[in-house]
């Protein structure tokens, strides 16, 4: 029992009665309330005396402070609390003294109200107060008095510093300014907006009443003491203050407090809704019976002040919605939506339209009556007129007969003239058509002669070229196909000067030969020269130019210059579209080429549309058993592989391979291409044994068909090395990569993009073994691509990413970071979020952030990848799980770290071969995480 309660046995009852009347506007209302409560006369007089000292200021509670004066030592004006100097005493709040203060630290001028809080002592209580105070300080709303500062007096008593607000209580302001319903509602909605904002911040007021709402001279409502009652409630509930005194009550006003608050239950947002409803009811009563009586207002107040929290409005926003619906004459949520009620609201809302519609109907009825009367008069007049007209018509009939006879004779003469003119026009048109046909036939004959002559010259040239390969003529029995074609190119440049048409045809033929023997750079050069010659002809042949553009696009794409291939592919389609039918095979070729190159630059949606059109045309024109159909199916498989749809890709590749074998046999370059594609998709599904067997067969057949010195052999060796690397057989993989690199370098030179790809792949195998030689290879691969490709080519992003990853894992973070970031920026611009390369960038950047101690950036990167988790392939999921484990370790979450690392290891074991180098790192991660967890458990 507190000392004040011991000295005055009626203290608790006086305080409770005072809290009931302190917010009533005048003494008459206070006396009526005391009578309703049945208070003894002696206590009534005492409470009324105390209420007479209550000041109508910002906090309006000096008497409550007198009742609780034993709660802490008083301060005097002039004393300083932190940056504030006390100016004067404003009054006593239910929880302590309130002072007017001015800022005195010299930074700027500011006035504030300082409230001393009773009953907070002890370190635990003050710590809890500091936490709750931080939450209240975060409230920033134009209708909430802010919590500015806080601290403790030299005597250890906590205080709060809040905005100083000058104004009148909302009920007083309403009375003195004679506010009507709309103005009252506007003020009340301001209060609701403040409470709704606080609820969104998970803060409740706990003591909403007219005394805690001031209206300034600008007409703006401000909600005071936000959350202070909640602070007291939390202190009482937690029991952290060992000095909490018996009989102490929470700072609430029973008339506005919800039933659950009065019963001592914790306050919630529903409690604030009850208080708002109670205050709204009083404000409406103050407007007089006419404002408070309507059923809609009674329903709103009744809903807000329901005894059970679940029967009230679900939120302050719902209460505000009903208020606004009332103002807009819309049906309320607080009332049943009966048809009559909805109709009344509609009429109230749309009465001008209803009135206008009724008037329009009346006018229409009057107009209709007038029209009927006028119609009857018109019918009478019409009958008279018809009688007169009948006589006139009979008189005119004879004259018209004679006129018709004359007109018929005139028409016959005109028809004869028209027939003669038509026959003359037809004769002239037939003559013009015949002349045009003669000209077209002559042009076709000349073109056919030119084509035949060009074909003969090309044939003679090729025959002479192969005669030169005869050892009896050349004296060189070891003359290779590549050397033979090189000699043919030299002879063409020498012997065909001044014959551009023949040069264009020969360059196209030799370009195709170079492409087939695995020399794409030479093929590209010849195709570009042939296209330039075609464009320079006096009589251009767009379809021939389009065919050369298609070959150029395919060769560029196969040589790793995917971005450069798009423009010639689009130009080829644009040239053909206006010249051929919609189902022409030339158009299918153009769609197929464009779909192929778009697939390789990841424009997958447009690529699928093109490839589907190509396949549809070929099926319709060539039937299902045709090589071009097999090629179209093959390209759709490549699209599915690029999109990560591995099962669809495998099905398409097998379908294409079976069709090609039926049409071409086993040892055909096109069949071998489908075999290689099938092996790639098997490897992507981690079916290593199947992929390896198929690739070894492919390498042997490539050598048999193309010879050992061929780019196609190098490509097959590169794929075999990749499968061996995935199977954990690093030494064999490195040997195969080196053999492929040597072949590509011999055929294309060290500066080609294909060589750069081989160098990069060899570096990845060395990186798996931790071999430092990987770094120089990564740098060389990047340098070659920078010299050969445009700055925005995605191949550059891959080279930068791989070099950055090596440097990161070598501990050279400063060198790695710019490379990784540049690659990520380029990939984010060009690739969808689900693309493997973009996933790799996000994971590696998150790992780099973690190594710098930036766990928030790392967590953001993990979240980006987690958003795409459903589409991740197994090895990317392994990388994600590992990164989650590293992040948990960094955050000292040892148990979660171990679980993530174990999950990563289990998924990897189910995905890669037992000898794969990555398993060593994953097992080490599990061991380190287990050790960290053990150390955590061993701590006292």
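The chain as shown is numbered from 1 upward.
Every residue, even glycine, has its Cβ placed from backbone N, Cα and C.
The feature region 'Disordered', as given by TrEMBL for the ranges 395-435, 436-476, 477-517, sits at 395-435. Looking at the stretches 310-365, 534-589, 590-645, 646-701, the one that TrEMBL records under the feature coiled coil is 646-701.
Listed by sequence, the residues of this chain that lie at least six past the ends of the region 'Disordered' (395-435) yet keep a Cβ under 8 A from its Cβ atoms amount to none. Long-range Cβ contacts of the repeat 'TPR' (504-537) within its own chain (Cβ-Cβ under 8 Å, at least 6 residues beyond either end) map to 454-455, 458, 461-462, 481-482, 485, 488-489, 492, 496, 544-545, 547-549, 551-552, 555-556, 558-559, 669, 706, 709-714, 747-749, 752, 754. Residue 115 (ATP binding site) falls within a strand segment according to DSSP. Taken through DSSP, the compositional bias 'Basic and acidic residues' (402-412) splits into 11 helix, 0 strand, 0 coil. Per DSSP, the compositional bias 'Basic and acidic residues' (420-435) is made up of 16 helix, 0 strand, 0 coil. Per-residue confidence over the domain 'Protein kinase' (84-408) averages 80 (mean pLDDT, predicted model).
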